[in-house]
Structure formats: C-alpha cells, structure tokens
C-alpha cells in the first residue's frame, strides 16, 4: 500500500500532467523497488561513517585548539596508549565542546534568519532538471540577494553592539556540538516527513543505510525546498562568517591579521560569492538531481562545511611560530594566488559549459556546434569543449582549488591540509559513483561516451 501511495504521489506531479511514457513509468516503478545497500561501504560503512565523522572533526579541532595545530596522537600504539588518547579527546570534548544555551541561541537564530531570507526575499523562478517521471520542480533563486543582505546585516549588528565580531570563534566547539545533535534530529524529522507524505524512494530496508542515504529526494514544506536550503544557505555562509570571526580574533589577540589569514578569507569569500552568482548551476548537480536527503547531506551541509572548511583559518590563528602568527612572503603569496586562480577558473569554466549546454544544446561550444551522444533515454552527453577532453575536468579544478586553500598554512602540520585530503578523496569517490550511476542509467551509450572521452581528470594520464 505504501509503495502504491508513493508512486501515485509522484505521478501526480510527473511530466507536468502529460501522459507518461513507458520509460518514465519504469523510472517511477524503479523508485519503489528495494535497492541494494551497496554504497559507502554498505550497512557497516554507513553506520561507522555516521558516528566516526564527528569524532574526526573533534580530533582535528582539539589538535588545533590545544596542541598548537599539531595532530594529537597516541604516545604508543598499545591498547593503553590508544585508551589514554581517546580519554584525552573525550576530556576536551566534554570540557570545552559541551553544548551551551548561548551556542544553541546563536545557531538557531542564524538558522532561522537564513530560513526567513530563503522564504521572503524575492528571486527568479526557474525549473529544475527533469526528475524520474518527467516532473520539474520550481525553485526561487534568491541566494545572491540573501548573501549580500547577510553581509550587510551582520556588520551593522556588530557595530551597534548586538554581539561581538568574535562570537562565532568564541563559541565554536559548543556550537559544533549543537549542530551535530541538530543534524541527527533533523534527519529523523526528514524520515517522519517522507513517511507521512509518501515520498520515500529507493529504500534498502536497512535503517542505518537509509538514515545515511536519505528518504526522499526533494522534501518540501509547501514551496520551501528543505534540501536546497540546507545545501545552499546556513552552512555555506556560516563558513565565511566563521573565517571572518577568526580573523577578528587574531586581530584582538595579536594586534594584526596575517597575510595567510587574509588570503584564506579572500579565497573562501570569492568561492561563495561566485557560488551564489551562479546559483542556478546547483540545480544540475548530483546532490540536487540524484541524492536523497538524509544524514549524509544534512550533516555535511549543516556541520561539516562550516566547522571543517574553516580549519585553515583556525589553524593560522592558533598555530604560533616563535610566539607570533605564521607569516608568508609576498612571492609565496603570489604563487598561491596564481594556483588558486587557475583551479578556480578551470572549475568555473568547465561547470558553466555543462550548465549552458543543458540550458541550450544548440549553443556553440568554443565557436563550433556542440558535439554530443544522444542516449536512448533522450539525454544528450556533451562530447566537445572541456567535456571532450576529460569527463571530470571540473573535479580537477576543484582539487587544485582545495590544495591552494591549504598552502597559505605552509607545512608544519597536516591539520590544515585536512580539506585538501578530504576533498581529493571526495572527488575521486564521486567520480566512481557517477560512473557507476551513468553506466546503469545509460548502458551502452555511456560506454560509447567513455570510449570517446577516456580520461577523467588529466588528459593522457588518468
């Protein structure tokens, strides 16, 4: 009965009311089949990831906060050594990261403020990519306006003494714990929401696996899209504001903002400003089109992004060299900026080319008619421009970008390189998942595309 209700619920919004094709009917039927628990290490892998990832973040935070940025580790690899290490980490978390009323007020005020902007700020109405069954959801793109409203309101509030510029870094650890708890609660609420609305799809029947992967693809309250909001608002802007708060703390404590901190703050600000300027492009990403909304995305969007992506700034504030903040030369800074610009423009140009092609397949690519493979499903796989060189040059640019963000920290510790290591692993895994998904989706057409464009990241190498 639940499967029938789910299917009928989707069919009501499918294909804008038009008659469903046989392919679309099959797509909808496939959503209600039991799906294998075979991603992210299956049932065991998703269970471990759910609980280990927050521990990893606490570990790096404690290393930066209490060990001058050097990674904490057991004195010995014996059972007693590991137990002592975990006991020390537990002490740091319980003593300094215990959730406080102030941290909860700060975060939920922030979350509510961003939800308010998402709901009331006018924006351009656009249709998302076709979903199984042909449905195209309408989105209001007001991120660019909300971004600038936030950047105006926050400094005004600081100027009039509503809170200090250092409020975020002063409450970093307790607020992180608040958000970790909220991520679990929010995911359970998504489970209830999907069940009540009959929107569950691609379920495996294994609790922890489905908790991690998600329940519904596009959960909404009215026209308010929960996944797009969490993906694009509270975590991303909080990440930038956390950097600014750390810079303010460095100025307060040491009387200066180091060039390294300025570079990292500018890099991240530029990246997020560009993200909102090209906001429509998110609607063609794997997260929005394919992924269900579960703990993986909830925790990633709300906690992982703002509390780990600021680690470079955090490290540069806490890591002292001869009692003073780390300084880099102008020449080194120019090298880092050049690398960042190369990675950024590669990332942006490649993604924009794909997005423009999806909007208008007739538009020329590099001055020539676009070449593509027309799949049996009717989808067009772009085979010219950047997408005729490698299948994921956008990931290449993103990886270069991630390491450029870490380089201002120089090389005393691995802690600030957490982002580069993580993001490289993420993109490699995402490439593998994307390949498998496309192989299932397009079959021989995808094999033909891979034969025509054999490399993923670097032409002639990989």
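From the backbone N, Cα and C atoms, a Cβ is placed for every residue, glycine too.
Note that the structure is a prediction, hence the values are computed from the model and not measured.
It is 293-313, from the ranges 293-313, 356-376, 377-397, 398-418, that Swiss-Prot records as transmembrane segment. In Swiss-Prot, the annotation transmembrane segment applies to 327-347, one of the ranges 327-347, 432-452. Transmembrane segment is the annotation Swiss-Prot gives to one range among 82-102, 103-123, 208-228, and that range is 103-123. By the Cβ criterion (distance under 8 Å, sequence gap of 6 or more), the transmembrane segment (327-347) is not counted as touching the transmembrane segment (172-192), fewer than 3 such pairs being found.
Counting only same-chain residues six or more apart in sequence, the Cβ atoms lying under 8 angstroms from the Cβ of residue 354 (NADP(+) binding site) belong to 284, 382, 387, 394. Secondary structure at residue 394 (NADP(+) binding site), taken from DSSP and collapsed to helix, strand or coil, is helix. The Cβ of residue 441 (NADP(+) binding site) has 377 as same-chain neighbours under 8 Å, each 6 or more residues away in sequence. The Cβ of residue 439 (NADP(+) binding site) has 14 neighbouring Cβ atoms from other residues within 10 Å, across all protein chains displayed.
Counted over residue pairs separated by six or more positions, the transmembrane segment (103-123) shares fewer than 3 Cβ pairs under 8 angstroms with the transmembrane segment (293-313), which leaves the two as not touching.
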